[in-house]
Amino acid sequence: MPVQCSNCVQRRAVLKRPKTGHSLCKDCFFWAFEEEIHQTIMSAGLLNRGETVAIGASGGKDSTVLAHVMKVLNERYDYGLNLLLLSVDEGITGYRDDSLETVKRNQQQYELPLKIVSYEELYGWTMDAIVKQVGLKNNCTFCGVFRRQALDRGAMMLKVDKICTGHNADDVAETVLMNVLRGDIARLRRCTAISTASDGEGAIPRCKPLKYAYEKEIVLYAYFKKLDYFSTECIYSPNAYRGHARAFLKDLESIRPSSIIDVIHSGETLSIKEGVKMPVQGTCSRCGYISSQALCKSCVLLEGLNRGLPKLGIGKHHRLHGKILAQEPLTEQEEKKLKPVDF
Ligand code: SF4
Ligand code: ZN
């Protein structure tokens, strides 16, 4: 016998909500999903009337759903936001070029302005070229650091007030687990924050309206709404460490769906023991971007690439930064350590 929607008790249920286990019809699911995001935005005071908000758009399911829902809510609740799409082109042939085509279609479908910033124009390097030099082991470190800064730089060019990213509940829970496993207390404290409004000066505040949205529900929403998104994985392999955290979380979720929210909740309510040293935010002496060191990570990584010493920004080589930047010669031994590994 067909199951009835437990909400409207009129239509036939087409899905069981992964988050709550409720059997719902399509329309009641759309409403519940959108309403929860609205509640997240309202209760955390993420956005204010009149603001220009850039939606970080990759063409993937999360940012496509985010762009769609933000547009729906902006109209339904008259948020008074000026929305636009901001994409980063990492320069990955066969992956980002295709996903950017999806973003361009989204731009038409949602009638939102689109700005694309590329690694090539900002750093003089594409990911294709970086992988050629560094191989496939640390490529995601370069990509992640550059992306973060590229989004900020694009947002500054557009003079936006805020950036919204499509990070979902699974992403946040994974990051909590990864930071626990690495013992990275500073990041552990930061990663559950729904917005970074108070994070240093100069950086544009970021927020995560999908912070409590389950990945499974995002997929269902995109599927039933027939949204146009790009689902291929990056050709330069996903970050292996995150992959393990993800697999572990998926196992937990299959036993107890609330594990995702529970891990986030644990991260949110952790307090840091007095006396634990935290990095002090300053600015990069070279590019002016926020940094807890004299040079930001992005400038160190770039310096390493330009000098053919890509390992400079990977691992603990802080001791050498001063020497390198003062243009002092390195010993043969030191150079050897920073050269690309054979692969
Ligand atoms: Fe960049 Fe790594 Fe993500 Fe590919 S998998 S887009 S290289 S961070
Ligand atoms: Zn810098």
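Any Cβ shown, glycine's included, is placed from N, Cα and C.
TrEMBL labels come from automatic prediction, so no person has curated them.
Other C-beta atoms found within 10 angstroms of the C-beta of Gly56 (ATP binding site) number 22, with every protein chain shown included. The DSSP secondary structure for Gly56 (ATP binding site) is strand. What TrEMBL lists as ATP binding site is Gly56, Ala57, Ser58, Asp62, Val88, Gly166, Asp171.
Over the domain 'tRNA(Ile)-lysidine/2-thiocytidine synthase N-terminal' (53-233) the predicted model carries a mean pLDDT of 93. For 53-233, the entry in TrEMBL reads domain 'tRNA(Ile)-lysidine/2-thiocytidine synthase N-terminal'.
Sequence annotations record features per position, and here TrEMBL assigns domain 'Cytoplasmic tRNA 2-thiolation protein 1 C-terminal' to 282-312.
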Would you measure the largest Cα separation among Gly56, Ala57, Ser58, Asp62, Val88, Gly166, Asp171 for the ATP site and round it to whole Å?
19
Quick one: what's DSSP say for Gly166 (ATP binding site), helix, strand or coil?
coil
For the binding-site residues Asp62, Asp171, work out the Cβ neighbour count at 10 Å and name the residue with the minimum.
Asp171
Among the binding-site residues Ala57, Val88, which residue has its Cβ surrounded by the fewest other Cβ atoms within 10 Å?
Val88
Enter the number of other CB atoms within 10 angstroms of the CB of Gly166 (ATP binding site).
23
